[in-house]
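Written below as structure tokens is the structure these notes are about.
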Amino acid sequence: MEDYILKVEELNYNYSDGTHALKGINMNIKRGEVTAILGGNGVGKSTLFQNFNGILKPSSGRILFDNKPIDYSRKGIMKLRESIGIVFQDPDNQLFSASVYQDVSFGAVNMKLPEDEIRKRVDNALKRTGIEHLKNKPTHCLSFGQKKRVAIAGVLVMEPKVLILDEPTAGLDPMGVSEIMKLLVEMQKELGITIIIATHDIDIVPLYCDNVFVMKEGRVILQGNPKEVFAEKEVIRKVNLRLPRIGHLMEILKEKDGFVFDELDLTIGQARKTINSWKNKIFND
């Protein structure tokens, strides 16, 4: 039996200006895995995330966290936000304390934890995100990538079960993208945290994500593992997305260069294995 940490049932959300942002969303998020939400700008990804965290309340439908409907009382929402943390696309919207240590400690202080527990959690979060050496530095002096790590540490200090990240790789150089995604997968594997990301960086999805949902105009139109989702090439392109670069290369090799592949590989490792197998078969024949 599948273990889902979040269940979304017929979720609708309307903004006060009449915009129908989410339209009958049904979605199950598997516990302890990395899930990507894909879609163009304005399809409702950020609205969905804010519903997950209780920042917004559904117009209709419901969200279950740990098999219980979200409690929208003040106490219930405070408890929910300890368990489901959000890291926004722009960390400057999330960092407001004078120093890194103060900013990271904010959530733990708000939980009214004992001082020694706060220190322990902050030290662990700083170490986990690789920013121990920055703890006394003013937040406004940090690079964009360092600010991202501080924002993640500020959520980690509350020891959440779910970590939601809106465009975690936006604004980062290629090395920064790799480092931040490896950090997230490390947290998922070692701490058991469920990771949910929204991203336009298609190439990271087959490398780091277990599950994928594709949204269009407030609806989920595709879901599955990366291979299942990107196999629907025409649907992907119709919603202004693309295949991962390796997947596109394999598509060209198959359709234009006579290579015979059973599946569309999406990563360098998968492609090398398939091409070597194809090459050996040709030479042996």
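Cβ atoms are placed via backbone N, Cα and C, with glycine included.
Swiss-Prot lists 6-242 with the feature domain 'ABC transporter', giving sequence analysis as the kind of evidence.
The ATP binding site feature in Swiss-Prot is assigned to GLY39, GLY40, ASN41, GLY42, VAL43, GLY44, LYS45, SER46. Cβ neighbour count for GLY42 (ATP binding site): 12 (other Cβ atoms within 10 Å of its Cβ, all protein chains included). DSSP gives GLY42 (ATP binding site) a coil state; it is part of no helix or strand.
Neighbour density around each Cβ, counted as other Cβ atoms within 10 Å, peaks among the binding-site residues ASN41, SER46 at SER46. Summed and averaged per residue, pLDDT over the domain 'ABC transporter' (6-242) gives 96. The Cβ of LYS45 (ATP binding site) has 24 neighbouring Cβ atoms from other residues within 10 Å, across all protein chains displayed. A C-beta separation below 8 Å, combined with a sequence spacing of at least six in one chain, links VAL43 (ATP binding site) to MET215, LYS216, GLU217, GLY218, VAL239.
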